[in-house]
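Asks: Before anything else, here's the structure in question.
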Amino acid sequence: MGPTASGKTDLAIALRQTLPVEVISVDSALIYKGMDIGTAKPSKAELELAPHRLIDILDPSESYSAMNFREDALREMAEITASGRIPLLVGGTMLYYKALLEGLSPLPSADPEIRAEIEAKAEQIGWSGLHRELLAIDPIAGKRINPNDSQRINRALEVFYITGKTMTELTAQQGDSLPYNVLQFAIAPQDRAVLHQRIEQRFYKMMELGFQQEVEKLRARSDLHKDLPSIRCVGYRQMWEYLDGDISLDEAIYKGICATRQLAKRQITWLRGWNSEITWLDSLDPTSSKLKMIEKIAQNSIKL
């Protein structure tokens with residue numbers, strides 16, 4: 001696990017050459033076909049060294065949930081373990097990890113009518129007013145959700161209106177836990193400035209590789225639009241705004257870099273608040289040092 005641009009892929013390839021592992025991608029962007037440059041998808045050469053499961057499995061017009069991921073990942077893990085090898089899950093989509101490790105809480109599906117009612121109420125009293133209502137109903141969720149985060153406020157209230165139970169109550173009712181012994185490692189540079197520099201350098205490299213042309217090709221499709229989960233991926237939505245004429249290219253690049261840094265910050269926040277025990281690895285340490293640490297811990301838990 002780890003934030004974007006932390007070196008997860010390189011370490012996974014090194015592990016693939018050292019241990020009897022098979023890689024499963026845990027990334028909500030890498031699942032999409034035709035979105036290679038902006039997602040920093042492993043190259044053909046990298047995939048030959050370490051094939052990744054659960055990448056390029058969907059068209060950008062399709063949606064995918066944490067529940068879908070859990071089902072697919074469990075299937076792949078069963079197949080890998082049956083062959084006598086070890087599943088190595090690699091990626092930065094923390095919600096997918098959470099769903100896999102803890103199961104899924106029984107939250108209801110969205111109800112368009114109730115959402116419309118909530119939005120109508122927001123027009124009358126504002127989202128700050130609805131946030132105060134949420135604080136009264138579900139103090140824990142209310143304190144966790146930013147007063148300006150209308151999407152999450154809407155969802156938390158919607159869940160309560162549908163079920164009569166708060167989001168906090170329902171998320172405590174998790175599904176089946178993962179039926180495997182799990183070792184968890186997180187990789188990130190200790191110095192946040194290093195990660196920020198890597199993100200900026202990688203974004204400019206993606207531009208050199210043809211990221212704009214990749215988005216132009218997607219935008220030319222009549223079935224794709226900016227509100228799809230695929231196009232909302234960081235970098236893609238900013239480049240889409242540029243192609244729509246809403247911002248300049250320089251602004252798109254700047255906003256894309258900023259959005260990627262914000263994503264990395266959220267990923268690190270998730271990891272620091274993780275309930276399970278995690279072994280942290282410094283991205284700047286030699287690969288050999290990281291491999292030795294992983295092998296040492298693994299040998300005490302798994303028969304290699």
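Here the Cβ of each residue, glycine as well, is placed from N, Cα and C on the backbone.
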Asks: Under Swiss-Prot, the annotation region 'Interaction with substrate tRNA' belongs to which of these stretches: 27-30, 31-34, 71-74?
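Replies: Checking Swiss-Prot against the ranges 27-30, 31-34, 71-74, the region 'Interaction with substrate tRNA' one is 27-30.
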Asks: What subset of the binding-site residues Gly2, Pro3, Lys8, Thr9 lies within 10 angstroms of Thr93 (site 'Interaction with substrate tRNA'), using C-alpha positions?
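Replies: Passing the 10 Å Cα cut: Gly2, Pro3.
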Asks: List, by number or range, the same-chain residues at least 6 past the region 'Interaction with substrate tRNA' (232-237) whose CB is under 8 A from its CB atoms?
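Replies: Contacts with the region 'Interaction with substrate tRNA' (232-237): 28-29, 35, 38-39, 203, 206, 211, 215, 218, 226, 256, 259-260, 263.
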Asks: Neighbour count, 10 Å Cβ-Cβ cut-off, for Arg115 (site 'Interaction with substrate tRNA'): what number do you get?
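Replies: Excluding its own Cβ, the number within 10 Å is 15.
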Asks: Please report the DSSP secondary structure of Lys8 (ATP binding site), reduced to three states.
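Replies: SS state of Lys8 (ATP binding site) = helix.
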Asks: Pop the Cα-Cα gap between Arg115 (site 'Interaction with substrate tRNA') and Thr9 (ATP binding site) into the table, whole Å please.
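Replies: Distance between the two Cα atoms comes out at 40 Å.
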Asks: Counting Cβ atoms within 10 Å across all protein chains shown, which of the binding-site residues Gly2, Pro3, Gly7 comes out on top?
Replies: Pro3
